[in-house]
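S.K.: Sharing the record's features from TrEMBL:
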type	residues	note
DOMAIN	1-104	domain 'Response regulatory'
DOMAIN	133-360	domain 'Sigma-54 factor interaction'
MOD_RES	Asp39	4-aspartylphosphate
REGION	378-410	region 'Disordered'
Amino acid sequence: MGNFFRFFLEGKGYEVEVAENGRQARKALQNYYHLVMLDLKLPDTDGLTLLREVKGRHPRSEVLIMTGYSTVKSAVEAIQVGAYDYLEKPFDDLDALEAIIDRALNRALARGETFEDDTLAQRKKVMEKIGFVAGRSEKMQRLLTIAEKLATKNITILIRGETGTGKEVLARYIHAVSNRADQPFLAINCGAFTENLLESELFGHEKGAFTGATSMHRGIFELAHRGTLFLDEIGEASLAIQVKLLRVLETGEIFRVGGEKPIRVDTRVIAATNAPLEKLVAEKRFREDLFYRLDVVTLTLPPLRERKEDICLLAEHFLSSYFEPDQVPRLSSEVVEALERYNWPGNIRELANVMAQVAAICDGKTILPEHLPAKITKKQREEEQAAAAPGADADEVRAQDDPTPAPDQRWKEEAAAVLAAFIREVDVKGGFDLPAFIDDLKRVTSDAVRQLIRKALEESGWRYPQAAEWLQTTPRVLRYLYKEKN
């Protein structure tokens with residue numbers, strides 16, 4: 001392989017030196033090279049070890065990793081260590097090979113400055129197009145750099161992260177900077193459907209495949225052909241669905257429900273989960289072979305509490321969507337402190353919801369602590385009380401002030417899934433009583449609100465201030481709603 005690159009690159013006018021093993025490479029690296037092309041599999045050393053030595057001795061040298069498919073995971077680790085990118089063997093596309101070598105050399109020759117400016121400008125342009133605000137934290141910037149490298153590769157990506165960290169937005173960004181950007185990006189939540197309905201949504205069905213299948217239906221794999229399919233909450237898929245997903249990833253073929261002929265699809269899959277798949281594998285709830293197929297490349301989104309420097313930037317972004325550009329209220333210093341102290345268990349999604357509430361009640365030019373939900377300012381009060389009470393920490397203060405847990409607020413996705421499944425089965429052409437449907441929704445919603453309020457009051461010992469804090473409203477509003485619903 002060394003002779004191939006010598007012949008190829010010298011023919012392009014580059015000066016080339018070849019080392020056939022780690023010992024020769026270490027000797028050669030006494031000199032500075034703009035570009036080092038490093039195979040992960042060397043006869044006498046580990047490629048990642050040698051990479052660290054290169055970056056330690058010559059931090060301005062750019063490194064391209066050469067790898068086979070079986071070691072793509074290690075190649076991604078190499079990018080995290082400091083490699084510019086990786087090349088996957090065999091090198092069939094010489095034009096693409098030359099292009100990536102040119103980019104790496106241009107970055108090295110420019111000492112990173114011009115190259116970085118162009119990269120950041122392009123990143124900002126794409127983010128604005130899809131409405132993605134990543135923040136300025138080092139963790140997110142490093143994650144985006146790796147995501148951009150992976151976007152150009154035709155490999156499956158697994159995104160991990162807590163609920164609300166922005167897994168789908170990251171998937172959209174990867175699609176937007178890939179060579180599939182002009183093709184469809186489609187998303188589906190694997191936990192939002194029954195097994196049979198999910199199979200039909202993913203793979204489609206033939207006419208007459210089951211009762212109610214009055215026409216052929218193309219699945220989302222077909223609709224995303226040549227584009228990207230985002231499979232959210234992959235851990236929620238049944239074992240039967242997992243078998244079919246594994247087949248698609250291995251063969252690039254699907255069978256519609258009730259179909260007999262395979263259909264070729266060129267669909268890039270990005271999967272996501274907030275569940276520990278390794279644990280699900282051990283519990284026999286997730287197929288081991290599918291796990292290893294998905295876990296070739298993993299991107300882990302940090303929770304918002306580990307990105308304190310991004311919180312206010314994101315808050316201002318969400319606020320800006322509710323006001324005219326010159327009328328967006330500023331965050332007071334007390335609010336900034338409260339936002340950064342809060343742990344954000346719901347992550348970015350929770351922050352977006354909080355800013356929506358703030359925008360609804362703030363009619364001035366400044367966001368003040370009283371505009372925030374009580375749960376946000378509560379942590380700050382706890383810490384202040386703990387500081388004022390010798391021997392007591394914030395957890396002890398919280399235990400005294402909040403003896404019972406808040407009711408579960410996770411309901412939107414399940415309710416939306418039920419409604420979506422119902423609407424898909426409605427035959428609107430056959431006639432549907434929309435006014436009655438609206439009345440039924442109002443009745444069901446009103447009953448749910450009544451039950452939720454009663455549950456909060458019962459669990460709080462009928463303490464309206466505590467129940468109101470849990471439900472993120474005020475005792476006055478809660479009393480009004482309780483009387484109205486009862």
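Keep in mind that glycine also has a Cβ here, set from the backbone N, Cα and C atoms.
Just so you know, TrEMBL annotations are computer predictions that nobody has curated.
In the displayed structure, how are the listed features positioned relative to their neighbours?
M.R.: If you take every residue in the domain 'Sigma-54 factor interaction' (133-360) and average the pLDDT, you get 94.
In the three-state DSSP scheme, Asp39 (4-aspartylphosphate) is classed as strand. Taking Cβ-Cβ distances under 8 Å and a sequence separation of 6 or more, the neighbours of Asp39 (4-aspartylphosphate) in its chain are Met1, Gly47, Ile65, Met66, Thr67.
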S.K.: For the domain 'Response regulatory' (1-104), how many residues does DSSP put in helix, in strand and in coil?
M.R.: 51 helix, 17 strand, 36 coil
